[in-house]
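Below is one structure, written out as structure tokens; the observations come after it.
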Amino acid sequence: MMNRSAARLVAIVMLTAGGCFGVTAAPAPAPASPVSYGVEKDIFHPVTAQQGMVASVDATATRVGVDILKQGGNAVDAAVAVGFALAVTHPQAGNLGGGGFMMLRTADGKTTAIDFREMAPQQASRDMFLDDKGNPDSKKSLTSHLATGTPGTVAGFALALEKYGSLPLNKVMQPAITLARDGIWVNDALAFDLKTYGVETLVNHPNSKAIFWSVGDNPLQKGDKLVQENLAKSLEMIAENGPDAFYKGAIADQIADEMAKNGGLITKADLAAYKAVERTPIGGTYRGYEVFSMPPPSSGGIHIVQILNILENFDLAKYGFGSADAMHLVAEAEKYAYADRSEYLGDPDFVKVPWQALTSKAYAKSLAQKIDLQKAVASSTIKPGDLAPYESNQTTHFSVVDKQGNAVAVTYTLNTTFGSGIVAGDTGILLNNEMDDFSAKPGVPNVYGLVGGDANAVGPNKRPLSSMSPTIVVKNGKTWLVTGSPGGSRIITTVLQMVLNTVDFGMNVAEATNAPRFHHQWLPDELRVEKGFSPDTLRILKEKGQNVAVKDVMGSTQSIMIGEDGTRYGASDPRTVDDLTAGY
């Protein structure tokens, strides 16, 4: 007998092929609302520039990127410079010891994706995070040396620069080296995270504590100077010798030694074998716009396109932003996408991901037909079972556009705040705890109450599933919106709302960024909303059967929009302190 997963996959494929289900083609897309730039009409106004622009979570890193653009570097040069700078100025998530994804669209219209997600070491095994009773042990997957996957950031940035950059590696890395050696002033964001999260992770590791703690045995506070001499030396080695310094040289020696002495699995062979991968982006259309985002092992691109395909069957603009009907439709579409995410997504080098079926407009049409505008469908009736793995909020995103029109969107991470909290030897490099993004035991909830499927089980050399979704939207053949966000499972819905707010509701990039957000991820069956929505709207949503919960803010988008006249419009998220969009 065919099991439930197989039956559903067959149904999806048949819909994609247009067979047996009587699904008609989606109607022609409605014309998109014009995006407003009215100085006297708009409440929120974007930063403007005529040539180049950078938006990132840290003001110093943003200025580094703008300086590279002013020196003649292109968007990739600036993005790599920002990425290395964030490893110094925003160590909560900026990194050398983690991984992530880059979306790139060149001025001549080529769109590509670079996957530098961390990989499980060769010695990793399916049950490595289970205790003696066969239950998941979160300490192993979050704070032990077993938690660290083989880092990909250095390889990813080097690959991007080699293929698409214009400046040498040592030039784009020099600002980060200087910042690490001379020191930075601890800002509000870093001080808060050290006090809140560092006391739980960094304090347990002498190498880490030596960097981020003051003489008085307290974490550094706002206004203190953070000098990272060892990190500066590591950056210098990479700048002089390329990525081999990290993967085959002295840095690799120290990482492997740190692991060998403390029960970790990463070896020099794992480091030497790591490769960043250039992949074909996931592409779709929405009301005449083209949308490009990350392919697996990110789930972001597939499910952003899937949700947009579902929503294209409804006139969201008619209902209006923040209306109960519009929010209800989006939430219902999100439920179906997140249910599919749990079942079919994993590392494409190890499992077959039916991305063509999942992004099919015919399949989306069949899901749209199940949505009742007046009544929420209980998540348990959509499909009980596996939910995607936990992924922390502490990721970071940045966007860059240069004067030629090249655009780069990068989302990268250590996983949780400060990752594993482990600094490898004298490298000054914080290591990730990305192994927690695998399903420790498929079908069994982890410490966060979430479970995952077999497709994302731990395995040697696998890349864990991610929600990171650097995204580029194209209008009339030209790059129009460059965006992305941190936020774990909420990344997908945060980026989705940037698209909906601009395309359907005609908001400029600042308005779209500042608008209150909401999120549904199928399980738990909860419509999570930020404060700012009308109590009347929330009451109507509850009457429709939505389980509404007002909770903390979601995401931290860093976005750039390009107007028809070429003007760059940018916005950093007000939900984050110390971020900055700047240009020239």
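The backbone N, Cα and C atoms fix where each Cβ goes, and this holds for glycine too.
Of the listed candidates (Gly83, Gly134, Gly484, Gly488), TrEMBL assigns Gly488 to the same L-glutamate site as Arg117, Thr413, Leu414, Asn415, Asp437, Ser466, Ser467. Looking up the ranges 525-544, 565-584 in TrEMBL, the one annotated as region 'Disordered' turns out to be 565-584. In the structure as shown, the Cβ atom of Thr413 (L-glutamate binding site) sits within 10 Å of 32 other Cβ atoms. Secondary structure by DSSP for the region 'Disordered' (565-584): 0 helix, 9 strand, 11 coil.
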